[in-house]
Amino acid sequence: MADKQISLPAKLINGGIAGLIGVTCVFPIDLAKTRLQNQQNGQRMYTSMSDCLIKTIRSEGYFGMYRGAAVNLTLVTPEKAIKLAANDFFRFHLGKDGKKLTLMKEMLAGCGAGTCQVIVTTPMEMLKIQLQDAGRIAAQKKLMAAQAQLNPSTGAGAAESIVETRTTAMQITKELLRSKGVAGLYKGLGATLLRDVPFSIVYFPLFANLNKLGQPSPDGKAPFYVSFLAGCAAGSTAAVAVNPCDVIKTRLQSLQRGVNEDTYSGIIDCARKIWRNEGPTAFFKGAYCRALVIAPLFGIAQVVYFIGIAEFILDMLPKRRN
């Protein structure tokens, strides 16, 4: 598809609408991904995505699957807008010579987009992970307390002493700013870059080339279903490819640990401990969940973005008279 030029407000609106729709649809799967990635070889609470979602509903109710969704819904608009608009910006400037973008230039544009988006992504992921994983840690503590109650040597009545105190994103933000300043919200920045930059390098060129297969002509526009399928295929491929980085990022950004779970001092320390204690397959925990999240998320994003809902909205607004 030709790189069409649309206004910055239109790009921001398109990216925002796409993000809001996508996150609302797939957030429960994303919650399961976070909990599966964070559990270690100690007290394992969930065996699969479906098991995680069923247990979440039983213990926390239906809306328990949407813990942390408010953070995502608030910040996904600028995050998606930055990523999609930045990719368009870099593609436009890298293609100013009038020649078709080479694969290397497409990857470079994706790299630029991924680097720009972490400004919003890192704090968003940081807060979301704390809220998503809180239910897992609370459930693990209750289970351990119940087991202790059955063992007289540990003292009865321990189960009743475990009460989950629900925190909000605002409370976490205030505490991090008070104790660590703005840097506290950017914990795991390196790991986020390690995930998002390669993701964009893989995703955007792959999407562009898959989408071209459905173009009726070199300057034509692919049908919406081609953009959707191309977004799904490129998104799921890129998601699985960078899943090891996502596991490391999730572990590093988790402020609370479950019983007997490792702590990490950095990316290398985290990767080493995961490999040593859980084996290489641990780097692909939640990979299918992540693929299920990213595929429709980016499929919807590309359909909204390339249909140009924003242009319709902007055209409906009253024109300013000179």
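Using N, Cα and C of the backbone, Cβ positions are placed for all residues, glycine too.
As annotated in TrEMBL, transmembrane segment covers the listed stretch 12-29 rather than the other ranges in 12-29, 66-83, 102-119. In this model, the repeat 'Solcar' (101-213) carries an average pLDDT of 82. The helix, strand and coil residue counts that DSSP assigns across the repeat 'Solcar' (6-93) are 73 helix, 0 strand, 15 coil.
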